[in-house]
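Peer 1: A single structure is presented below for examination.
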Amino acid sequence: MADQLTEEQIAEFKEAFSLFDKDGDGTITTKELGTVMRSLGQNPTEAELADMINEVDADGNGTIDFPEFLTMMARKMKDTDSEEEILEAFKVFDKDGNGFISAAELRHIMTNLGEKLTDEEVDEMIREADIDGDGQINYEEFVKMMMSK
């Protein structure tokens, strides 16, 4: 399944993997997974974290290595995000709940994920997704952006 990914996708997933793999040892532990999820405003229990790891932990060693992570991402891409998942993601970005993602909200989330973006990069992301040109991303624009990935 992971062999259906483009080089660009694999590079993107490698970057995402490094954000999770805080100590850089090549594996994601439940602790590291929890840290990232909490930085995104989620509050998973230890049991939920263990379940998430076990779901993709092919060799059963209790951690996720990069090949296992790729398989998980490929699987997720295949059952392309349900409307519900996209709405949840939108709510994570839309901190003040006003129905729009502002440049400041986008910058805040990306920084929490460990992605240090310049103001230009954040503005560029907004511009790419901002179909009606109002300087922020509404839900419809967010859905289009998520579906086009």
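Backbone N, Cα and C define each Cβ position, glycine as well.
According to Swiss-Prot, the record shows the following:
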- A2: N-acetylalanine (MOD_RES)
- 8-43: domain 'EF-hand 1' (DOMAIN)
- D21, D23, D25, T27, E32: Ca(2+) 1 binding site (BINDING)
- 44-79: domain 'EF-hand 2' (DOMAIN)
- D57, D59, N61, T63, E68: Ca(2+) 2 binding site (BINDING)
- 81-116: domain 'EF-hand 3' (DOMAIN)
- D94, D96, N98, E105: Ca(2+) 3 binding site (BINDING)
- K116: N6,N6,N6-trimethyllysine (MOD_RES)
- 117-149: domain 'EF-hand 4' (DOMAIN)
- D130, D132, D134, Q136, E141: Ca(2+) 4 binding site (BINDING)
Peer 1: Looking only at the domain 'EF-hand 2' (44-79), how are its residues distributed among DSSP helix, strand and coil?
Peer 2: 24 helix, 2 strand, 10 coil
Peer 1: Which residues of the chain, 6 or more past the ends of the domain 'EF-hand 2' (44-79), have a CB below 8 A from one of its CBs?
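Peer 2: For the domain 'EF-hand 2' (44-79), the sequence-distant neighbours (Cβ-Cβ under 8 Å, at least 6 residues beyond its ends) are 1-2, 4-5, 9-10, 13-14, 16-17, 20, 26-30, 33-34, 37-38.
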Peer 1: Only counting partners 6 or more residues apart, tell me which same-chain residues put their Cβ under 8 Å from the Cβ of E105 (Ca(2+) 3 binding site).
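Peer 2: The list for E105 (Ca(2+) 3 binding site) reads F93, D94, K95, D96, given in order along the sequence.
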Peer 1: Check the Cα-Cα distances from D132 (Ca(2+) 4 binding site) to the recorded positions D25, N98, K116 and tell me which is shortest.
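Peer 2: That would be N98, the closest of D25, N98, K116 to D132 (Ca(2+) 4 binding site).
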Peer 1: With DSSP as the yardstick, break the domain 'EF-hand 1' (8-43) down into helix, strand and coil residue counts.
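Peer 2: The breakdown for the domain 'EF-hand 1' (8-43) reads 23 helix, 2 strand, 11 coil.
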Peer 1: 10 Å Cβ neighbour count around D130 (Ca(2+) 4 binding site)?
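Peer 2: D130 (Ca(2+) 4 binding site): 19 neighbouring Cβ atoms within 10 Å.
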Peer 1: Across all chains shown, how many C-beta atoms besides its own are within 10 angstroms of the C-beta of T63 (Ca(2+) 2 binding site)?
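Peer 2: There are 19 such Cβ atoms around T63 (Ca(2+) 2 binding site).
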Peer 1: Could you state the whole-number distance in Å separating the C-alpha atoms of N98 (Ca(2+) 3 binding site) and Q136 (Ca(2+) 4 binding site)?
Peer 2: 11
Peer 1: Between K116 (N6,N6,N6-trimethyllysine) and T63 (Ca(2+) 2 binding site), what C-alpha distance do you get in Å?
Peer 2: 26
Peer 1: Take every residue in the domain 'EF-hand 4' (117-149), average their pLDDT values, and give the whole-number result.
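Peer 2: Per the prediction, mean pLDDT sits at 87 for the domain 'EF-hand 4' (117-149).
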